[in-house]
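S.K.: Provided herewith is a single structure, encoded as structure tokens, for subsequent inquiry.
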Amino acid sequence: MTQLSVVILAAGKGTRMYSDLPKVLHTVAGKPMVQHVIDTAKQIDAKQIHLIYGHGGELLQQRLSSEPVNWVLQAEQLGTGHAMQQAAPFFADDENILMLYGDAPLITKETLERLIAAKPANGIALLTVELENPTGYGRIIRENGSVVAIVEQKDANAEQLKIREVNTGVMVASGASFKKWLANLNNNNAQGEYYITDVIAMANQDGYKVQAVQASEFMEVEGANNRLQLAALERFYQKTQAEKLLLAGVRLIDPARFDIRGSLTHGKDVEIDVNVIIEGEVKLGNRVRIGAGCVLKNCEIGDDVEIKPYSVIEDAVVGKAAQIGPFSRLRPGANLAEETHVGNFVEIKNAQVGKGSKVNHLTYVGDAEVGSNCNIGAGVITCNYDGANKFKTIIGNNVFVGSDSQLVAPVTIADGATIGAGATVTKDVAENELVISRVPQRHIQGWQRPTKKKIAD
């Protein structure tokens, strides 16, 4: 099988974005557009990915530093053909070269596989699409059904402007052919640029076949030159993802008000209310219910869990039949066992909470281990930070911590202990002990509250 390398054009400035950020770093579904393209190139087993960069190259390299790409500088942006000329020295004669665009993030693996399979032995496979309104796009010129040329909008005559089949810019040919044609490009056109589309005419002159393959959906080859187009790509992507989930059995209360910015795996009878955001890798068990306005990122949720509205869960694990929220926050390292309750305005960070334990109101539990069947009252704080270092709080099983208590770490509270409301616990507590730490209550007879003094005019 012929090896494949991919060239991704990503040197454009993106003037119409009105942004300091390079165009290809603007995001769709929480991920830079160019990252989508790189990921798709990996899916089709590209041997090498050549990334053409220019404007904002330092930031681009910084953001994509972990990607195994060959960085190719295009110092001047003189057209798509000029960009390919910069990468040509890296092409092997006997490999196929696939040309993609860093600002067209929704191209699919399936479409690219169809295109590559259609490439003639000594020719080009070209991806096209038919549009109701083709204004602005290069027109596909055919003779007897075969593609003989691509004419850019600015160079097209009146008859050519009526053509609805347009060029997407995506094509594949052999390394040897590309190197030959790229060496003969010129800029004799209205823009004074080197067009990659000119290689189509060159291929015909050499007697090579140009095979056109139509994309199944225009939006998968659409680029984003401004924020309006970027928003359209985002909506199309989200609509597509929502439809896949609906067909897989997930109930989305309103598919138009659901965003996924990563991957979601799920069990049966999952229900997701409006304005929920999924980020990173999220796993949902069976019969999970997620209330309105929740954000879930890189988390695992067990069967029969209910997440009430406006809760945020990040890098956390929630066990079966737990109840979360409303307005709860589970931060990285939170691990809740089954049948736990975490209520409104509770924050849990880097802490384990045992089976059946309840942390229901206005509480912070950080750097802690909480055993099973505990009750943590309202306003309880694990004081884990002394301004320089963090320390751990360990709470055993069947512990009751009264409201407004402070547990000053490092501290251990053994099984069955009871902490009275308002206690400040600085020393370890033994099994079944009661701790009370409060000022004795005083009663002052005849007390009168101060009254406001009137200010003279």
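Just so it is clear, glycine is given a Cβ too, placed from its N, Cα and C backbone atoms.
The active site, proton acceptor annotation in Swiss-Prot covers H361. Residues or ranges marked as UDP-N-acetyl-alpha-D-glucosamine binding site by Swiss-Prot: 9-12, K23, Q74, 79-80, 101-103, G138, E152, N167, N225, R331, K349, Y364, N375. According to Swiss-Prot, the Mg(2+) binding site annotation covers D103, N225. Annotation source Swiss-Prot lists acetyl-CoA binding site at A378, N384, Y385, S403, A421, R438. Annotation comment: Swiss-Prot describes 1-227 as region 'Pyrophosphorylase', evidence class sequence analysis. For 228-248, the entry in Swiss-Prot reads region 'Linker'. Residues annotated as region 'N-acetyltransferase' in Swiss-Prot, with sequence analysis given as evidence: 249-457.
Just tell me what is around each of these and how deep it sits.
M.R.: Residue environment of H361 (active site, proton acceptor) contains 16 other Cβ atoms, counted within 10 Å of its Cβ in all protein chains.
For G102 (UDP-N-acetyl-alpha-D-glucosamine binding site), the same-chain residues 6+ apart in sequence whose C-beta sits under 8 angstroms from its C-beta are I8, L9, A10, G12, K23, V24, M33, V34, V37, L51.
Counting every protein chain shown, the number of other Cβ atoms lying within 10 Å of the Cβ of N225 (Mg(2+) binding site) is 16. Annotation note: N225 (Mg(2+) binding site) sits in a coil segment as assigned by DSSP.
Using a 10 Å radius centred on the Cβ of N384 (acetyl-CoA binding site) and all shown protein chains, the other Cβ atoms total 22.
Sequence-distant contacts of the region 'Linker' (228-248) (same chain, six or more residues past either end, CB-CB distance under 8 Å): 17, 26, 28-29, 105-106, 219, 222, 255-256, 258-260, 264, 266.
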S.K.: What whole-number value in Å do you get for the largest C-alpha pair distance within A378, N384, Y385, S403, A421, R438, the residues recorded as binding acetyl-CoA?
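M.R.: Site span for acetyl-CoA, by Cα atoms: 23 Å.
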S.K.: When the Cα-Cα distance from H361 (active site, proton acceptor) is computed for each of the binding-site residues G79, N225, A378, which gives the smallest value?
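M.R.: Nearest candidate: A378.
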S.K.: How many other Cβ atoms are found within 10 Å of the Cβ atom of Y385 (acetyl-CoA binding site), counting all protein chains shown?
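M.R.: So the Cβ neighbour count for Y385 (acetyl-CoA binding site) comes to 12.
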S.K.: At the Cα level, what's the spacing in Å between N375 (UDP-N-acetyl-alpha-D-glucosamine binding site) and N225 (Mg(2+) binding site), rounded?
M.R.: 55
S.K.: Rounded to a whole angstrom, what is the C-alpha distance between D103 (Mg(2+) binding site) and R438 (acetyl-CoA binding site)?
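M.R.: If we compare the Cα positions of D103 (Mg(2+) binding site) and R438 (acetyl-CoA binding site), the gap is 64 Å.
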S.K.: Based on DSSP, name the secondary structure state of G102 (UDP-N-acetyl-alpha-D-glucosamine binding site): helix, strand or coil.
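M.R.: The residue in question, G102 (UDP-N-acetyl-alpha-D-glucosamine binding site), is coil (DSSP, three-state).
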S.K.: Work out how many Å separate Y385 (acetyl-CoA binding site) and N225 (Mg(2+) binding site) at their Cα atoms, rounded off.
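M.R.: With the alpha carbons as reference points, the distance is 48 Å.
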